[in-house]
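Quick notes on the structure that follows.
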Amino acid sequence: MRTLIILLGFVACTFAVDCGMLQRIKVKQQWASVYSSGIGREDFGEAIWKAVFAQAPQARALFKRVGADDIHSPAFKAHIARVNGGLDMAISLLDNEPTLNAELAHLNGQHKERGIPSNYYDVFIRALHAVVPAALGRCFDHPAWDACSDVIVAGIRQ
């Protein structure tokens, strides 16, 4: 019995993925592939927010001042660009922890200032994890994205 427990412990350790350097680089590469530029970037951002509001329709109320009632409005498109810009910066800094931590502390302050409850970070990540694999296909590294998204969300939650 003891041998079985030890063996299961080793198996669990083998399958546990943290956000190590390899995972960080992979997430950065996959993000660069899906984030693209121009109209593709707008469509990608819109897809994320459609997924956010599909999961949590009540979240629209948090974004009234930026036009969440119409996600196609210029005001909300600007909001999408700002949020995705912050996410792009955080993902780009995954391999530079001191600067990443400073950026996440800044994002923490912004979210607190705007009264965004931290449970919506999880909603956003679930939306992101639905949209990115739809764009990447079978190349999406779910364990790496889970682990590195946890780093980003934990840093914003602080």
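Cβ atoms here come from the backbone N, Cα and C positions, even for glycine.
Automatic, uncurated: that is what TrEMBL annotation is.
Feature annotation from TrEMBL assigns signal peptide to 1-16. Summarising the annotation, TrEMBL assigns domain 'Globin' to 18-158. The annotation disulfide bond is assigned in TrEMBL to Cys19-Cys148. According to TrEMBL, the heme b binding site annotation covers His111.
Just so you know, the Cβ of His111 (heme b binding site) picks up 18 other Cβ atoms within 10 Å once every protein chain is counted. Cys19 (disulfide bond) sits 24 Å from His111 (heme b binding site), taking the Cα positions as reference. There are 19 other CB atoms within 10 A of the CB of Cys19 (disulfide bond), with all protein chains counted. Taking Cβ-Cβ distances under 8 Å and a sequence gap of 6 or more within the same chain, the neighbours of Cys148 (disulfide bond) are Cys19, Gln23, Arg24, Val27, Ile91, Leu94.
Residue counts of the domain 'Globin' (18-158) by helix, strand and coil are 116 helix, 0 strand, 25 coil (DSSP-based).
The average pLDDT the prediction assigns to the domain 'Globin' (18-158) is 96.
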